[in-house]
Amino acid sequence: MDRCPLVAGNWKMNGLIASLAEIAAMGTAYDLALKKKVELIICPPATLIGLALDVAMLNGIGLGGQDCHAAESGAHTGDISAEMLKDAGATYVILGHSERRADHGETDNIVRVKATAALRAGLKPIICVGETRHEREAGEALSVVGRQIEASLPGDAPGTIVVAYEPVWAIGTGLTPTLEDVAQMHAFARERIEARLGGGKSEDVRILYGGSVKPANARELMHVPNVDGALVGGASLTARDFMAIAEAYR
Ligand SMILES: O=C(CO)COP(=O)(O)O
């Protein structure tokens, strides 16, 4: 088992050309010693991927998209294919984020088909799963996430895929699960990923925690067993906060 931790910034629908200065500042703080400890990527809005490429590459920071269409090209106004993201310079793509599941009705089936498209294009999918507050309170968190893993991951996916556990109630709220709950969920997720992919591949799959990761809680969350990094929303918008989170791995 040799999983390099991954800290990924999800900028969601935030970021203008001026925001590229934050990526440049992240690069300044991402020194050689830290590069050996943790991989960093930023998933800006698609409008910025091409523009961010030079500054990101120069600094060893990767880029990802936030969604893709299942088809390679065609009559799908407003959509972007995995091949287009790859062409623009992305190496990852976030899929099945709870905001897309809620805003765009994305089901596990849709997420799985998109993940297959991402792999076809040579992108690493970051597949998001996580229970709602209602589901957690009903004692269904594990079963919901187990089902999402089973149905959202392509069964033949390689160990290079990434899974992000993001409890919906922890996103943008400042709330986080207890460290015990995170440990339980991540261990369970790895079991379910193994059941889905087989062949010991789950040992290579990085399982990120997401939901109100901040500089103040990053260190303890990132050191929970089976937590292989973070998917960061709000705190990824500034170099100061994002790099303070990455420092948890120094
Ligand atoms: O949804 C998230 C990342 O994908 C988490 O967002 P916050 O870090 O803002 O809670």
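Cβ atoms are placed via backbone N, Cα and C, with glycine included.
Annotated in TrEMBL:
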BINDING   N10, W11, K12, G172, S212, G233, G234  substrate binding site
ACT_SITE  H97  active site, electrophile
ACT_SITE  E166  active site, proton acceptor
Candidate with sparsest Cβ neighbourhood (10 Å radius) among N10, S212, the listed binding-site residues: S212
Local Cβ density at G172 (substrate binding site) - other Cβ atoms counted within 10 Å: 13
Number of Cβ atoms other than its own within 10 Å, given for K12 (substrate binding site): 19
Alpha-carbon distance [E166 (active site, proton acceptor); S212 (substrate binding site)] in Å: 9
